[in-house]
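Notes follow the structure.
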Ligand SMILES: O=c1ccn([C@@H]2O[C@H](COP(=O)(O)OP(=O)(O)O[C@H]3O[C@H](CO)[C@@H](O)[C@H](O)[C@H]3O)[C@@H](O)[C@H]2O)c(=O)[nH]1
Ligand SMILES: [Mn+2]
């Protein structure tokens with residue numbers, strides 16, 4: 001079906017080139033040429049999908065012993081990311097089906113919040129009950145809030161002791177929740193005494209490094225509780241902190257000093273473990289004889305447990321990753337999505353797949369030993385860290401160090417977490433998470449692919465991780481704006497996938513796939529032009545669609561085929577037709593609003609007028625979500641500029657529809673023929689249908705209504721548009 005659509009697009013382009021009489025036809029040609037290009041990248045990406053299966057029972061035939069894994073969790077704001085969510089993620093990670101002495105969990109708190117620290121402290125106490133409970137009873141969902149939300153879990157065993165234990169555990173968890181809630185209500189800086197004293201003089205963007213070993217598995221028990229470390233890196237107003245990428249690099253260095261595991265799992269604070277065996281599944285790929293030499297990272301899908309009914313805001317990303325992600329997997333590999341991902345530490349440190357021959361080039365290896373000078377230039381001046389990095393780069397098998405911190409004062413750790421540490425090193429440039437884009441994840445993965453690494457998807461059943469998705473259109477639109485701008489930033493940077501293919505080892509079709517994804521924001525421009533085209537035609541009494549047989553069948557079939565194709569993809573993915581429509585509609589809305597703002601943001605950034613920021617997505621507390629049915633899926637509005645393009649487009653369509661209706665009503669009075677046809681009117685009506693949430697917003701009240709200033713500005717823009725249309729006619 002995708003190829004038929006491509007064929008139709010090409011036929012349409014051919015037709016355009018032959019009948020290029022009017023201005024609207026010319027604009028249509030440009031837009032359609034762009035759509036065709038995008039579709040070529042889509043088809044190429046989806047053409048050869050692949051899927052990796054893992055066989056756990058074979059893992060131990062390959063390796064006698066499991067390697068250590070360092071787990072990174074990032075949180076940045078104790079209000080937008082409530083600590084109760086973070087600790088549930090942490091608890092699920094501590095309870096992984098993996099030897100506890102091979103795991104260490106590092107939590108980065110960019111919010112420098114004593115509440116988060118307190119919650120982790122309390123969670124570590126609870127973990128001593130929770131981890132053995134999970135392992136003993138083979139619990140599947142190891143995030144307590146999700147486990148206890150499902151009352152049927154108490155029936156999973158017939159043993160009377162189990163029921164008793166279950167109830168006790170539930171009570172303990174509820175007590176933990178209450179403690180954190182109380183602490184949140186009474187957070188008073190004067191009470192920051194004892195262990196919390198260090199938080200008393202901190203400001204969000206101005207504080208020293210705080211590192212606390214919350215729990216150390218001192219005896220190295222394989223059935224104990226893994227290490228848990230809290231890190232809030234140093235921040236000073238005059239030093240850029242590079243958002244999540246900066247946090248990840250600090251985690252990498254601190255963990256390098258403490259446990260230095262060869263594999264790193266990273267998750268966002270809301271992504272709890274839903275399949276406790278996931279680390280072993282991922283290792284099946286990473287330790288596979290072929291994978292060992294080729295695969296840089298293993299990415300697990302992102303799924304959400306709090307889906308709004310029928311995906312009203314189009315943010316569940318189910319069908320798309322299934323087809324596009326499967327396609328990526330059949331090429332050089334899936335993109336790195338920033339969370340639910342297992343990395344090789346040596347790759348994070350900048351190693352290439354053919355490093356054996358290239359050592360000299362990468363790190364100035366001399367006789368297989370990296371030279372001290374190069375290492376300091378790359379990794380910074382911490383002697384201990386350089387030592388640990390050398391260990392990793394030389395590929396030495398890991399020996400579990402007997403104690404976590406070399407000194408009680410954690411001097412070395414504090415040094416590598418300081419905000420000056422990275423100056424004149426390769427961190428953020430060639431080493432670690434790469435800076436410069438709010439989609440640091442895709443950028444970091446792209447650079448690995450450019451070096452020639454592959455990546456793989458790991459999606460065992462049950463789903464590996466589950467997290468929160470934005471619960472309203474505001475969150476969804478902000479998220480898409482951040483993604484699309486970050487992705488465009490990559491496309492326009494020196495790391496552009498095209499250069500990756502020309503000068504690096506990025507495969508051609510992988511490059512096309514990256515072009516598909518990084519061009520998201522650019523798509524907004526032709527899409528907006530195409531969206532106002534029918535209105536332009538109606539107002540100026542011209543046409544851009546062929547309205548005579550047989551040519552009119554080209555766009556008609558194209559439209560029908562495209563929708564059938566998307567609908568079947570949704571149905572095959574097990575989604576409803578309603579979900580398909582919501583995704584379709586939100587696709588139009590987000591491209592023309594969020595992605596357009598993302599595009600503008602990057603233009604301003606390139607002109608050095610303003611910089612892009614990482615706006616954190618709000619994660620709702622599971623219990624606070626009791627929405628009445630009629631408000632589910634309803635749009636809320638605020639004064640944000642993001643609503644201006646959408647409102648303007650809607651008003652323009654409405655004006656055009658009224659004009660066409662007027663023309664039709666007074667048909668007998670109109671002397672000259674109507675140049676536009678049903679096609680243009682249909683397009684206008686289709687767009688109004690897509691923008692129905694905005695139409696409701698025009699008449700809505702309170703937060704459900706578009707603010708008057710926005711409507712006013714949109715009306716002025718729409719008026720200008722009509723004016724320009726009319727003046728082109730009179731000229
Ligand atoms: O200054 C910051 C900002 C964010 N974060 C963390 O980054 C993660 C992702 O933030 P979130 O607001 O949840 O963004 P999402 O849009 O859900 O994130 C997706 O997109 C991001 C890139 O835009 C990736 O980094 C994420 O991994 C990916 O899940 C969270 O754990 C935050 O705590 C930080 O640690 N420091
Ligand atoms: Mn998130």
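Yeah, the Cβs are placed from backbone N, Cα and C, and that goes for glycine too.
Looking at 615-634, 675-694, the stretch flagged in TrEMBL as transmembrane segment turns out to be 675-694. The two recorded residues residue 244 (Mn(2+) binding site) and residue 110 (active site) have their Cα atoms spaced 8 Å from each other. Calculated from their C-alpha atoms, the gap between residue 81 (UDP-alpha-D-glucose binding site) and residue 268 (Mn(2+) binding site) amounts to 10 Å. Each residue contributes its Cα atom, and for residue 441 (active site) and residue 268 (Mn(2+) binding site) those atoms are 12 Å apart. Here the Cβ of residue 244 (Mn(2+) binding site) has 22 other Cβ atoms within 10 Å, regardless of which shown protein chain they belong to. Proximity to ligand 2 at the level of Cβ atoms, with a cut-off under 6 angstroms, picks out 268 from the recorded positions 81, 268, 441. Neighbour density for residue 110 (active site): within 10 A of its CB lie 25 other CB atoms from the protein chains shown. The CA atom of residue 110 (active site) is located 12 Å away from the CA atom of residue 268 (Mn(2+) binding site). Residue 81 (UDP-alpha-D-glucose binding site): 26 other CB atoms within 10 A of its CB, across all protein chains. Around residue 268 (Mn(2+) binding site), the C-beta neighbours below 8 angstroms that are at least 6 residues distant in the chain are 73, 74, 89, 338, 339, 467.
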